[in-house]
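Structure record follows, encoded as structure tokens.
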Amino acid sequence: MMLNTYKSYTERAEQHPNACARSLFELMERKKTNLSVAVDVTTKKELLSIADSVGPYVCVLKTHIDIVEDFDKDLVAQLEALAKKHDFLIFEDRKFADIGNTVKHQYEKGVYKIASWSHITNAHTVPGEGIIKGLGEVGLPLGRGLLLLAEMSSKGALTKGSYTTESVEMARRNKDFVFGFIAQHKMNEYPDEDFVVMTPGVGLDIKGDGLGQQYRTPHEVIVESGCDVIIVGRGIYGKPDEVEAQSKRYREAGWNAYLERVRMHKA
């Protein structure tokens, strides 16, 4: 049987057990995009401006809300409005990494109240399976989805080998809430599983940034490695006057790579 990785997003949406994943696949097919833009800026104005510019071209907007120096509740309200306007999901790249009881409060409470507005979040598996249980207590009733960090794109990352293997096993035991991974290649091994893989470190023009980040092309990520969503940051918003043009460029490259993958594996 064909792995779900190689099926169309529509087919995967129809059979996926996770509500957040279904919404994502339907959105990707509807907008014809597998692009996520990582908006790592430090002011409310910049974040909202970039979100509005890239919104028409992305399936997911990835935020680091805790680096925004002038964060307030209005920022969240405006982000939610932009998500509705442009039809995208919000992914707060929080990378939770504490025991279950602590992350539960970090996710639901505090200044940011992440669970109330972010459709997707992620976590390290270093603390063990309790982190998934804790986040799930908050996120599952809200229809949220969790990604586990199985692999990272930075040079020298320790997320490999048995760490990655154990992360996948944790995901298999928690499919109601965990719908995928931050990783560098597909994680599906069996016909009855369908993990979404979102991949950072995607660039069309450069191979690294001097701080350990390593870049691959959309073709390498989608076709050769079997990933599903390309995450692009500075390659899109690094030149303020080219944000829309670069968004279109990466969206087209990512979507064409997806179409090529589907064609290659058609029965």
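Glycine is no exception: its Cβ is also placed from the backbone N, Cα and C atoms.
So that you can see what the record holds, here are the features copied from Swiss-Prot:
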type	residues	note
BINDING	ASP40, 62-64, 93-102, TYR215, ARG234	substrate binding site
ACT_SITE	LYS95	active site, proton donor
Could you check what DSSP calls ILE99 (substrate binding site) once collapsed to helix, strand or coil?
coil
Judged by the number of other CB atoms within 10 angstroms, which among ASP40, ASP93 is the least packed of the binding-site residues?
ASP40
Would you identify which of the binding-site residues ALA97, ILE99 has the most other C-beta atoms lying within 10 angstroms of its C-beta?
ALA97
Near THR63 (substrate binding site), which residues of its own chain have a C-beta under 8 A away, given they sit six or more steps off in sequence?
VAL39, LEU47, LEU79, ILE90, PHE91, GLU92, ASP93, SER118
Other Cβ atoms within 10 Å is the metric here; tell me which of the binding-site residues LYS95, ASN101, TYR215 scores highest.
TYR215
